[in-house]
Amino acid sequence: MKSPALQPLSMAGLQLMTPASSPMGPFFGLPWQQEAIHDNIYTPRKYQVELLEAALDHNTIVCLNTGSGKTFIAVLLTKELAHQIRGDLNPRAKRTVFLVNSANQVAQQVSAVRTHSDLKVGEYSNLEVNASWTKERWSQEFTKHQVLIMTCYVALNVLKNGYLSLSDINLLVFDECHLAILDHPYREIMKLCESCPSCPRILGLTASILNGKCDPEELEEKIQKLEKILKSNAETATDLVVLDRYASQPCEIVVDCGPFTDRSGLYERLLMELEEAINFINDCNVSVHSKERDSTLISKQILSDCRAVLVVLGPWCADKVAGMMVRELQKYIKHEQEELHRKFLLFTDTLLRKIHALCEEHFSPASLDLKYVTPKVMKLLEILRKYKPYERQQFESVEWYNNRNQDNYVSWSDSEDDDDDEEIEEKEKPETNFPSPFTNILCGIIFVERRYTAVVLNRLIKEAGKQDPELAYISSNFITGHGIGKNQPRSKQMEAEFRKQEEVLRKFRAHETNLLIATSVVEEGVDIPKCNLVVRFDLPTEYRSYVQSKGRARAPISNYVMLADTDKIQSFEEDLKTYKAIEKILRNKCSKSVDGAEADVDAVVDDDDVFPPYVLRPDDGGPRVTINTAIGHVNRYCARLPSDPFTHLAPKCRTQELPDGTFYSTLYLPINSPLRASIVGPPMGCVRLAERVVALICCEKLHKIGELDEHLMPVGKETVKYEEELDLHDEEETSVPGRPGSTKRRQCYPKAIPECLRESYPKPDQPCYLYVIGMVLTTPLPDELNFRRRKLYPPEDTTRCFGILTAKPIPQIPHFPVYTRSGEVTISIELKKSGFTLSQQMLELITRLHQYIFSHILRLEKPALEFKPTGAESAYCVLPLNVVNDSSTLDIDFTFMEDIEKSEARIGIPSTKYSKETPFVFKLEDYQDAVIIPRYRNFDQPHRFYVADVYTDLTPLSKFPSPEYETFAEYYKTKYNLDLTNLNQPLLDVDHTSSRLNLLTPRHLNQKGKALPLSSAEKRKAKWESLQNKQILVPELCAIHPIPASLWRKAVCLPSILYRLHCLLTAEELRAQTASDAGVGVRSLPADFRYPNLDFGWKKSIDSKSFISTCNSSLAENDNYCKHSTIIVPENAAHQGATRTPLENHDQMSVNCRRLPAESSGKLQIEVSTDLTAINGLSYNKNLANGSYDLVNRDFCQGNQLNYFKQEIPVQPTTSYPIQNLYHYENQPKPSNECTLLSNKYLDGNANTSTSDGSPAVSTMPAVMSAGRALKDRMDSEQSPSAGYSSRTLGPNPGLILQALTLSNASDGFNLERLEMLGDSFLKHAITTYLFCTYPDAHEGRLSYMRSKKVSNCNLYRLGKKKGLPSRMVVSIFDPPVNWLPPGYVVNQDKSNAEKWEKDEMTKDCLLANGKLGKDCEEEEALTWRAPKEEAEYEDDFLEYDQEHIQFIDSMLMGSGAFVKKISLSPFSTSDSAYEWKMPKKSSLGSMPFSSDLEDFDYSSWDAMCYLDPSKAVEEDDFVVGFWNPSEENCGVDTGKQSISYDLHTEQCIADKSIADCVEALLGCYLTSCGERAAQLFLCSLGLKVLPVIKRTSREKALYPAQENFSSQQKSLSGSCAATAASPRSSAGKDLEYGCLKIPPRCMFDHPDAEKTLNHLISGFENFEKKINYRFKNKAYLLQAFTHASYHYNTITDCYQRLEFLGDAILDYLITKHLYEDPRQHSPGVLTDLRSALVNNTIFASLAVKYDYHKYFKAVSPELFHVIDDFVQFQLEKNEMQGMDSELRRSEEDEEKEEDIEVPKAMGDIFESLAGAIYMDSGMSLEVVWQVYYPMMRPLIEKFSANVPRSPVRELLEMEPETAKFSPAERTYDGKVRVTVEVVGKGKFKGVGRSYRIAKSAAARRALRSLKANQPQVPNS
């Protein structure tokens, strides 16, 4: 009796279950609508996992299809049973024995066990050798090794001789166990087992039960026999049955197509032609020598293919294929050299043409004639017509299409990749008439045998679609698997073919095509969607082929149709029966033989009465879970738990039968679900109900603990039940475009004015404060930089100086440097006297002088500014001071002010006339300290010059330097018509008064502290020494300005001093505010305390020979300073430091010397040895033991030695000259001379030197360097004269706070970047720890969602804005003429409004306002300081610029004045219009004599020149800057765009992200200054909770008064500080106190025998503890750190995900902190690169493998097992650490392989999770974690610091910024992602990987390899 499925169906009886006719309605069958979530059975687990379960449970024979799965099962089983084999052989431990058939398999197994476990493995493969061993020798082996891998012969020998008894074996593994059926040692070994009472567990492995055709009876017998011999149950892997045995089985149909009737006779005729030709060729006896090609081969192949097409598809197709083959043949004929071969090819060609001609007689090839196709084809078309969609479906299914889910893919490997970015290409023309790709309800595959059949059948179906509207919906394509095989090398042409195939697959996956015609290649291994129609056009010939093609029909309603010719049908039915029988046998062997399909037949019955549903809000029909839907809910919930691409978490259900015949089920959820206990259901009548009921109970529990939401769906990470964590803030309403928190969004803020300077203009008869601005030259300009050989003018040489008069006191701020032409000048602001009053007249005089300084000396007044001292927000007076009558007391210099008022030269040019009668008389003393004005030119803005030198040897009659004039007198007569009255007067060499008013940074260094190139130093020297380049003036023609040069030089510093003062006061104010908000530091500083000086932290390095400057003793005596002293460095010292690294920067020690107090003995001896040795490429001083040393060196580092700006210095001898902090005036508090020695740890333990005069060494700052560890201890113990103040107790140095407020765009000597990075990693750490401890039940997905919300730029920006940071930030370069508002001035609204929109002075500030030039990289806002061409001197040395550039800038500088700038926020750059620089109409400059006038040009606008070349400025579309001009109406930016217009003097425009950066930098600043607890409190005060709040009772408040000392809480974030040790004080309003974080209480679950299980699971881990040198107090942490989510045998702890979340942040912080504290002081860029090079998965995974983490890893995931296996092998071969730049590919010969070796993320994860585990286990001690991890990471940190690696993608983009373009992702045939990078002109490079990111870096790495290989040929531009 035939089974109904096999009835041959006639045409009429073909009943297909198509989606359209399905009872569930037309859409149910959309293949992509169905999620891969099973609703009526639990999601099946991977078959290998179930086989492992079986093997753990009982003796098992594993029948697998492939070899790879065998190893996995064997190794994991060994590991699971490993606790039985650790330790000495009997009595306690046993041994595991692996038996293999041949010697060469031994090594393979050995490496597998060694790779994945730490067990000791012995290998025995040589019978001769092993047979001769004695019993003793064997027992040694057994003692040493726990796993024995031997060939069966050796094993038999060992067992027979009793060297090892079977009872000592815990597990016996037989590889290739099917051999036991034959007469084989395996059989004898099993015989021995029979006699043994305690037989070991047996595992048999076989892959060859099924080979080719075999008879079901035989098969069954074979299996039974094997089971009997091995005393085991055979279990097959599902891959032999049907790939997913729970998928509903497809409906199988065999169709009898009926005979082919050849009415026209064409078929017969063609067949005859072909057969004759084939016979003819076969008969030609062409002698074939073995070496030659067979001449007939190609012809035979072509003809037989053609014949096959004719037979299978009919004449129409044969015609098509003949046409294709003719084209193909032409190529062969053209290239064929040999005559004979050629003849055969031509013969074939002729025949094919003949066939085509015959066909043309019968039908027109253009259209399809169904008379000429076989019945099989007709049948196929008929089946396809049934799948035609209904009309209405065409609309509704669009929705499904859009919601389709990636779960529809068979392969899981794509679960993490997005392919949204793939462009959908234009379809080929024939498809255009299809309604749309959405209507494809069909998703089908037709399997054919031959390639040509596939190609032609596809053509035929396309033709049929054109003619038959019923078939028009089909969009088909074919895939032949040509060259798709994985490993063979591929030619270019094959490569193209391969690409085409992948495109076909991509379209099929995307449902753009709905029918695929394929050869058997698609049967296995290719990732394609679930199909609802599979047609076997050619019948399957063996079981495997049958099962695998059937396995493709996996949609819920699917048909598997086999088309058979009438003559074949009988024999096929026999085959089919066999296949079915085999399938059945194998099914029974399936480890879970519940047959999904049959069990569900009665699913439709309403079971609600059996067990009531779980309903929410029953009254209003709320959501419910019924007994029928519960399993689906549980599956869906498990699928949403966090996991990696390798693991798909599924529930595990065990059903047991009770004695009374009822069943109960126990349900276990994956181990990372918060519901950890197993759930036991009530007993039910049948298995199915038992399983369902337990699921229903589970849903109820999940809902109760908040894991299912109110719709009973899994709670996503977004709908966090921890609402309070995401303080949901209302997003501010702004009209500003851009995403909040991003760089694209900029807003304007007013610039902050410090409270103490706000409206503090002195009033008559009210008490005032007078401050002195002390100026001391601490580092004179070295000769190398003094190109003009100018004399240096130390400001302290003259007594007259400036002071500040104010109505409010100014807090103490650190001294700070300004850089004048003479060198570095240290500025101090000291209180001179207070409480005095001034009269109205005095104040008026002072006010007039104040205005005179800013308007006339500094020329800062412009139309837009108005002097209104009473109305100005920031108002105080600047006035001259001098010593009073020979005493040394300074006071206000009223006489001087009055003299100035009277002077004629005060404003204009005095009109003195000399004549022959009253000739000019030269008085030398008048000119010694004078500023002079030429009286004959530039009357509106006369030039002012310092007299540099009086040339007594020159007179007006001396020779004029240029040939046009004879003498100076003649020049003036000719050019200006001036006659001189005194021809004997000397001439004056003059210098311009400085126009550079930004003196914040030295001009020979850029803002990174790096010397600007001095290439032209020699040229310059020559230039300045020749007279031609000097300005020579005649005294008679000049007027003397009433302000002496010495005071003028000080006045030039005023803008910089006041600006810096202003910024530091803002920072000090912020420090005080934080002290009251967060309780960190004190509100007001003690009167006797001053912070160490502001320091840029770089040594001023210059590229030149070492120079020696001597101590100028006369100065030293007068002024109490020894002025310039440096270490004298021998010329060759630099070369001795042989191992110099480019990063090295502090190669010589700097020494400061300060005059000792009077009681100490006279002169200070400086004896510093010059013997510098190089240690690690850094030179240090060997013998610094002299007592004077400490004093000498201590002032140099200034506490926050945060040397931010180290840059790579060219490797040339470099010298440092000292920074000296010299204090002025006796009445100031004694400064603390503290210093953190950079090189502390190298100073031979000599750190504790004391100062020579016995004054105790004072230290006020913690050592920030790691090198300063020793110092740190000393600091804690010492008592300093300033009562032990330190920034730990007082708060950070305002200088450091200022640094945290300064963006890199400000081009200052420091910026926030380094601090920001430190703050960033600490913030991540603090929040992570807080979340980890506060939410012990939240899984990693939720924790990381909460973290990302908290640390997002958007959130930080909000908090920073709330705290008022934007106003305090320093965002643009200080340029006094453009954006500085002098004290007492206001922006004149009337004048500036008129000009708000059109300004011609939009110089650089527009570009520098903040953010990058045009192009915002996401990482950092960096702006390279592009100085003009000769960078070294942009101040006032004549630079060679084009005439028109100079005119342009001059005209800009003479422009209208108010600097308002406009930024267009349009996304498009209007580059053409934005850069028309318009000249003002009054271009009165004409052509000017180069030698003089050009010198006057104001280089303070040097930056305008940087932007002369528009191409450099705005590259992309961030914002466009318009340069506006009053005289031109509509130039510049299109007025349509939205723009921000703001006033540069009082407002600043800042990107949101910069504010977020600033918050992080401030955090870094508090962290380095006040420690970790303080940083946490600072975060809490911002509103970021990182500590638990505790409420204190009033009694406690009394116990812990507000101002408690802070140091008690300095324990690193440890949970050990008592919860009551709360913050010292919070702001009065909020009574919040913060406690300390508590370690989450339990890490083990309540479990009856938890301890036992724990010891069981971590057996062997003691070896690992030894390896990392840390012993766990609580071993559960250790187990948790190694438990992967797939490892369900661990029922007592969670998996590692939470610890990984914690460890990731801890390692990031520790590594960042270490890099930050590196004595090499890496620059921000290097720091970022190093951090990303060290904190990444590749490095962590490599280290994990190096330290054997993988051997202890606990996971049950076959794919992961293989990836780890590959990676470990790869690491062993490479045997070196992998950096980002490392070659992650297998070896040289894999050049063709596009894929990098895959780095298993799980390895990096356990590296992190172990850090988290140690942190928790050690009571939250970061130190302990670092002690364990630093030794592992140290070699890498050293290696990378010396040579910073960059990610390949970045390196490529830096190398080829214009030409490298990455393609979007393409999906490869096996589900991976491919990315192509094209480097224009140099080739295309491809990379493949599991995700877009991995593929992208693989591609970049390939491109780099190729570019580097070809570099020599590329000329270096």
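Placement of Cβ uses the backbone N, Cα and C atoms for every residue, glycine included.
According to Swiss-Prot, ASP1805, GLU1808 bind Mg(2+) 2; the candidate from GLU1665, GLU1700, GLU1717 that the record adds to this site is GLU1700.
Swiss-Prot assigns the feature motif 'DECH box' to one of the listed ranges (175-178, 1571-1574, 1639-1642), namely 175-178. In this structure the C-alpha atoms belonging to SER1863 (phosphoserine) and LYS1801 (site 'Important for activity') are separated by 25 Å. Counting every protein chain shown, the Cβ of SER1863 (phosphoserine) has 18 other Cβ atoms within 10 Å. With a cut-off of 8 Å between CB atoms and residues at least 6 apart in sequence, the same chain places ASP644, ASN1737, ALA1741 near LYS1801 (site 'Important for activity'), listed in sequence order. Secondary structure from DSSP puts SER1863 (phosphoserine) in coil. For the domain 'RNase III 1' (1276-1403), the mean pLDDT of the prediction comes to 82. The residues of the domain 'RNase III 1' (1276-1403), classed with DSSP into helix (H, G, I), strand (E, B) and coil, number 75 helix, 5 strand, 48 coil.
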